[in-house]
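Comments concern the structure below.
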């Protein structure tokens, strides 16, 4: 898909003749086919089918999204999000035999993974249905569709017993998990009260006010990853689904919540929310969750995950967004005097970004949640310095780009 992007940009920004365009169009599919055949030792027919199907679906989805939602994404942001979507669908397709088998020997995490994949697939189908059939955007049809979605997610027998029972049993199994849920409920109430208060004063939220949500999400992810990784994994899927439903209500103008959601969007939107979609809250959630979503087997089944050697990469989103970006915005907006050339960001903000993340890593190391070796310290410093420069100069949504870069560098260790 990355090669597909380069080829697509060749179509868009360079003048080439038809034979070269045809040749370029086949390069990503051929390259992917060779990867499947040589590295994964797959049959030629399977490799050809999957190689060309993946790149074809990605190219068409990428073009349709950019044309259908103008102003919502830059080329890079659209590439990251659509690659994630295609990889998710590919993962669902490859998991279908396991889902249908209802294997009783699955671990708790495997069961939760199946539930989340099926739920998000149903939600994706609902979004597609609302996009192609306008009749479902009427309030009565919309709420009927949401009710059917809820029934499908909780009662379709993709696990044994059904998902709702699996979830209840999982939640009640552990007292620490119940305490984490209580913490999450308090944070949800505080979030709603913050939105209600800021919307009530009818003023545009400042950067420092918006960073309150970064603090809230840090309080969600840090204890979640350390103590209840499996539960946090499924909670991110639930949160993403709730965000999507709220956004559908706002876009489709579904009463009685449409007015409140539009008012909240107008209050908290920034310059990056220039299109139809409210990207900022989604990118905050996705950025913090990406390390968990793309890591192979990120969560153990133990209560305390100190034994997971890759806990620091899993915290990439929180370290960069929850701590670093928040410090850079608050300190930079209040005390920033020396500006980086060609940008509004300040050197003071960048230095605070570096200092806060390094302090967070040192605290995690001191408390024993991570074990830092000299090599890991060198890589951590390199990751912090690199992302600090990206944060200072990027025109992309930093909530999306910073965690990916930090996670990639940290996995070198």
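Glycine is no exception: its Cβ is also placed from the backbone N, Cα and C atoms.
Curation plays no part in TrEMBL annotations; they are all automatic predictions.
Cross-referencing 333-352, 353-372, 373-392 with TrEMBL places the feature transmembrane segment at 353-372. Taking every listed stretch (22-40, 75-94, 314-332) in turn, the largest tally of C-beta pairs under 8 A with the transmembrane segment (353-372) is reached by 314-332.
Same-chain residues lying 6+ beyond the ends of the transmembrane segment (114-133) with a Cβ under 8 Å from its Cβ atoms: 88-89, 91-92, 95, 98-99, 106, 142, 145-146, 149, 152-153, 156, 158-159, 163, 166-167, 233-234, 237, 240-241, 244-245, 248, 252. Listed stretches 75-94, 209-226, 314-332 were compared with the transmembrane segment (274-294); the greatest number of C-beta pairs under 8 angstroms is found for 314-332. Remote same-chain partners of the transmembrane segment (75-94), defined as residues 6 or more beyond its termini with a Cβ less than 8 Å from a stretch Cβ, comprise 1-2, 5, 9, 54, 57-58, 61-62, 65-66, 117, 120-121, 124, 279, 286, 290, 293, 396-397, 400-401, 404.
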